[in-house]
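One structure is given here, and the rest of the page talks about it.
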């Protein structure tokens, strides 16, 4: 390296060595005219190819920001969301990349929480009294508190995120939610909910208060007019970093619609599950109605049979009563004469009592 530098300095005119060059060489270098200025290329001619640069002479735009968006996101994915939120101060391009990653991070942590809650609920018993004494009761309490915190954050930030006026600013909140969810998944006997969620409640409350007091008044002024991304996208695309900015703006424009589609899909799944439960209940009710109708038909058949039996018994009683009357009348007609005149009233009385007893028995059967 030293020899090469000495040769380069000797070619340029002696460098710092006093005995490295002759006076004639120095004079010749002083008599050389300055190089002519570069002339612009003619319309029909081709520009000469640029000379290759040494590795230590790379252009200044060969930085992290000049990389493709996918590469930047892949690099930033190894960092925490708190660090990503702080990198928004670097430049506009980095700000757009970090905004997109923060918005996606909030949606991802919501999906991760839904997955954890679904797994815990699948292992819990259905009865509320049994859930309280279950080993996963604290897990369910912590996840329910996280769900409440996520809904508050959603109501505070996502209105303006969907309008593309800002991003989900507090990246530290996302990191803390991930920490709580991983703690719940990896611990069999977690601490109480207020102990685990103390840090999350503090930083999320501070973030929401600051957002409502300091940032929302500024964003409300932009709500009636066009948003920032719409004004940025009004400029024509040019190759280079500005084209990547336009691509990022398109992605950020599409995020609200994707989020709405995701919410609609979740609502459709919930409604489908409710419809399935209702159909199952309707089928059970139909089965019960059919069983009751069958029982009613059996009761009607039995009632008809009993009515027929009662009719037959009534007919038999009427016939027996008629025969008894005939026998009594014939007996009364045959008992004539003086000797039998005293006994005839007694026989008539007995016959009348027998007829009355038959009539009473008939009435009782008719009542039954």
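Just so you know, glycine gets a Cβ as well, placed from its N, Cα and C.
Bear in mind that the values here come from a model prediction, so they are computed numbers and not experimental data.
The compositional bias 'Basic and acidic residues' annotation in Swiss-Prot covers 1-11. Taken from Swiss-Prot, the feature compositional bias 'Pro residues' applies to 32-52. The domain 'F-box' annotation in Swiss-Prot covers 61-109, and the record cites sequence analysis as its basis. Annotation source Swiss-Prot lists phosphothreonine at 270. The region 'Disordered' annotation in Swiss-Prot covers 1-57, 328-368.
Taken residue by residue, the domain 'F-box' (61-109) breaks down under DSSP into 35 helix, 0 strand, 14 coil. Mean pLDDT for the domain 'F-box' (61-109) in the predicted structure: 85.
A helical conformation is recorded for the residue listed as 'phosphothreonine' in the three-state DSSP classification.
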